[in-house]
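Positions annotated as transmembrane segment by TrEMBL: 146-161, 167-183, 195-217, 229-252, 273-295, 325-345, 398-416, 423-442, 509-529.
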């Protein structure tokens, strides 16, 4: 005979069991889609016309001419799989409005039909992001899973870059997350295959290739010489097949050199038009400061020719004092910065660490790479959202980093009507993240606060003492973090309000330069924290 108390407990547990993760994630995706649809009529960057032209180019011309056509200045410079992706979209674009895919009549075409089609194409392609985040979180407890969805699916950075400015980063990051999910599950061959596919969609993700190579070599190609060699051959064959499928047709048509010239335009210069907040900001500022100082002291120093106007750095701008930086130097610096991670992956290749290692690699690429775009911060901010729920230290780090990354994207939306949108997105993200982390870590920090021998305070400033955390609700940013975030408010207040009043049209470069420098400090601090964690990890 069944015990009625036990039966009641079983019934109660059944009623309080979590919902289906897929249906929950679908709800998150639908809410995000509604917000994205509301943004369809907002500002569009030149990237909108770039991708529209690629629709027309891939639809109209044979494959052999995709990377040689110069009908528009917006030539195709993404790898072949992305070109085929544009070709696939063009089949539907032609049904919506044939002018969209007209190579000549479609130039600078901006009718409501093309705007709506391209906006919806980004929203639909975000399905890859939902798939990736689902695979990475499906086995987590409900609270952690939902918090990660908030951080990724409702990411303000993705909303700004993809659904206002216009790009397909959510789609590409989704492929990255799918690859990482396979690696975390121990399915190394599939993880390597998906990453190879990603590289054939966008080659800038290759920054993490050394981490993938070392990790797969040590984790997948193990088990003795014969078995290891066989697995190495299998992995090499899979990757070779992917790259052959992508680049083989262009080899056949004799276009492979043209493809690589388009994909790697090193003549563009060290920095992008708007200085991405990385290490090279300090290098440029130091060079210009030295040049002006030495000129004032009477030295025959030619002032830097790059214009400060609008915060732009020309492609041909020489450094006046410091040595010029070649692409090979940035490559070596990135590799050197990644090396501690490679050593860890070689010594102890753990599946649970791969997401963190890949995120660190993209951080190094962002800080020390050649011609880095500010949008590339999403390459490590999104993966770090997956590990943000693992500890209080990770949560505090992510809270600060995500705000800095989002704020560094503000200059992309420079028109007045978009200003409330980007500010509101950042504020909502900050509030949701703070409440989410407080809910996640309240019980843990309260228990630690009562533990004997608990250390007081925190040297880095991103942590508060555990007792303080427990008293204030579970998630507290230390005084250094608070001071830095307050500095963001000061920088924004100056650029939007005080600069026009006090300086008028003088020094127009100053607001953007302040954003670059100040956000670069936050990015460098994030890199140091990640590096410290990797070095200390066991």
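Each position is counted from 1, following the chain as shown.
Every residue gets a Cβ built from N, Cα and C, even glycine.
Ranked by number of Cβ pairs under 8 Å to the transmembrane segment (273-295), the listed stretches 229-252, 398-416, 423-442 are led by 398-416. Of the candidate ranges 146-161, 195-217, 325-345, 398-416, 423-442, 195-217 contributes the most Cβ pairs within a distance under 8 Å of the transmembrane segment (167-183). Counting same-chain residues at least six beyond the ends of the transmembrane segment (398-416), those with a Cβ under 8 angstroms from any Cβ of the stretch are 43, 45, 151, 155-157, 160-161, 164-165, 274, 276-277, 311, 374-375, 377-378, 381, 384-385, 387-388, 422, 425-426, 429-430, 433-434, 437, 462, 475, 477, 481, 484-485, 488, 492, 512, 515-516, 519, 522-523, 525-526. Below 8 angstroms of C-beta separation, residues 207, 210-211, 214-215, 218, 266, 270, 280, 283, 319, 353, 357, 360-361, 364-365, 367-370, 527, 531, 534-535, 537 of the same chain, each at least six residues beyond the ends of the transmembrane segment (325-345), sit close to that stretch.
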